[in-house]
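Below is one structure, written out as structure tokens, with a few remarks after it.
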Amino acid sequence: MQLSLCLSKPAQHLKNPIMAASGSGSIMWFRKGLRIHDNPALEYASKGSDFVYPVFVIDPHYMEPDPKAFSPGSRLAGLNRIRFLLESLVDLDTSLKKLGSRLLILKGEPGQVLIRCLKEWGVKKLCFEYDTDPYYQALDIRVKEYASAAGIEVFSPVSHTLFNPADIIQRNGGKPPLTYQSFLKLAGQPSWASSPLLTSISSLPPVGDVGSCEISEVPTVKDLGYGDIEQEWIPFRGGESEALKRLKESISDKEWVANFEKPKGNPSAFVKPATTVLSPYLKFGCLSSRYFYQCLQDVYKNVQKHTSPPVSLAGQLLWRDFFYTVAFGTPNFDRMEGNKLCKQIPWNDDDELLAAWREARTGYPWIDAIMVQLRKWGWMHHLARHSVACFLTRGDLFLHWERGRDVFERLLIDSDWAINNGNWLWLSCSSFFYQYNRIYSPISFGKKYDPNGDYIRHFLPVLKDMPKEYIYEPWTAPPGIQRKAKCIIGRDYPKPVVYHDSASKECKRKLAEAYALNQKLNGQLSQEDLDNLRRKLEQDEDLEPKIRRQRQKVGHRT
């Protein structure tokens, strides 16, 4: 399938694309869906309209600097994701200008800003891509209510996902399917899959008169109040142009696409990542998941054999839809309390351990290198994510998955509300996956892919001269080796915050007891039940060393 965005000769009014409005107009409200190709809302906004106002609202709750946050950024988003979004907006604005339009940037609370625009511009249509996130669901109700009362047509198509989550839930009797296989059975083939998607637009109606509304260009990070923050070099640039370029490169290797098999892949590959790295572009809608799906189907038709869901590349897009559907149909999906899908577990609450994990100070180089990559790049391989999420929760530290989710939500450029929460529920064995005895070792797992420790040496240069025999467990290196490597453990690089063998054993014991209580009480644990279980687990933990010492004495006598 060829993509030809027909950015043909610019319209005559390109230099000044804001025109006096006298006919019918539409607002195209961009939020995600930051693209021209396969954008049904944009297509509908331009149909029969004399003027189209392409709008993006800079939302303070998402963009405003928060000096109290643990890393540069706003209250909700780290600077890497904000930068990626701004790059995507610049790219969208460039594409719109080539079509005789431009992106109108407004600032403020989006609901208030949109309602003011609807009043001032006298448009007949409001178009925007449907969004299942709770924040946008609440926002859209307000805007739709105003538009409806004012006699303005609202068109909000589902184009961020392959399927409409509400349709899948309806087919399942009003409840979301809770397994991937049941989701696939209900979903079937997407209704649009065999029809060509609109991937080319030759021009757009001009922008109408904006009246007194304050319009600006896409701001820079500095414009938003972040000052002269020195930013790391990041190999991922935002925008539809970059998304389509990456897609083209990925699908050009038909053999790689046909044989792609998740969860395989090398999590330590960083010069050339072992995946498409299209997730941030899907998150912001710079790339249409529907177009990606059709491109994959074209490849599959032209190869002798290929992998299938759940492990294939198309299967990954279906996983995305599965999590969107479950999240949309589950109240309190983003927390343990009040979430009927989530096992109630008395996780530990330890700010120091959380900070050590977040700040790459666990003493486990494999874990710390991943957390450095996360902070610097805003992205890491899915198996690397699995490793650090398991370590924080059920593997070693037994800390609440919500705390880890918050860190990922802030730092990942591809952080997606439904998928991020779904994966943390999965990896903490709180929902979807319950084999808590299967743990990612913070030592042997990375070593399997990268025995020389090149990934660790790159992201933790303090360990670059550590011999490969000790790179995954530097605390075991003799003092002379540490001195030679110019890395004294406990001074230049931390000692382990826990010892994996004993910590993972403790985690398994605690989860076994929590699971048993959840089963006994049918998942209906009160806060008092959780507090009582936590006390019991702490008492058992205190007793464990005494019992072990007594056994050792008995063993010595016999």
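Residue positions begin at 1 at the first shown residue.
Positions of Cβ are set from backbone N, Cα and C atoms, glycine also.
All annotation found in TrEMBL is predicted automatically rather than curated by experts.
Per TrEMBL, the features are:
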- 275-279, 316-323, 414-416: FAD binding site (BINDING)
- 548-558: compositional bias 'Basic residues' (COMPBIAS)
- 24-162: domain 'Photolyase/cryptochrome alpha/beta' (DOMAIN)
- 536-558: region 'Disordered' (REGION)
- TRP347: site 'Electron transfer via tryptophanyl radical' (SITE)
- TRP401: site 'Electron transfer via tryptophanyl radical' (SITE)
- TRP424: site 'Electron transfer via tryptophanyl radical' (SITE)
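Shown here: features listed in TrEMBL, placed on the structure.
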residue : record                                            : Cβ contacts under 8 Å, 6 or more apart
THR275  : FAD binding site                                  : GLY265, HIS381, HIS382
VAL277  : FAD binding site                                  : PHE236, ARG246, TRP379
SER279  : FAD binding site                                  : TRP379, ASP414, ASP416
LEU317  : FAD binding site                                  : LEU162, SER289, PHE292, TYR293, LEU296
TRP319  : FAD binding site                                  : TYR180, PRO310
ASP321  : FAD binding site                                  : THR161, LEU162, PHE163, PRO165, PHE183, ALA187, SER289
TRP347  : site 'Electron transfer via tryptophanyl radical' : THR393, PHE398, LEU399, HIS400, TRP401
SER415  : FAD binding site                                  : ALA77, ARG81, LYS283, PHE408, GLU409
TRP424  : site 'Electron transfer via tryptophanyl radical' : ALA389, THR393, TRP401, GLU402, GLY404, ARG405, PHE408, SER430
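The average pLDDT for the domain 'Photolyase/cryptochrome alpha/beta' (24-162) in the predicted structure is 96. Within 10 Å of the C-beta atom of PHE323 (FAD binding site) sit 26 other C-beta atoms, taking all shown protein chains into account. According to DSSP, the domain 'Photolyase/cryptochrome alpha/beta' (24-162) comprises 59 helix, 28 strand, 52 coil.
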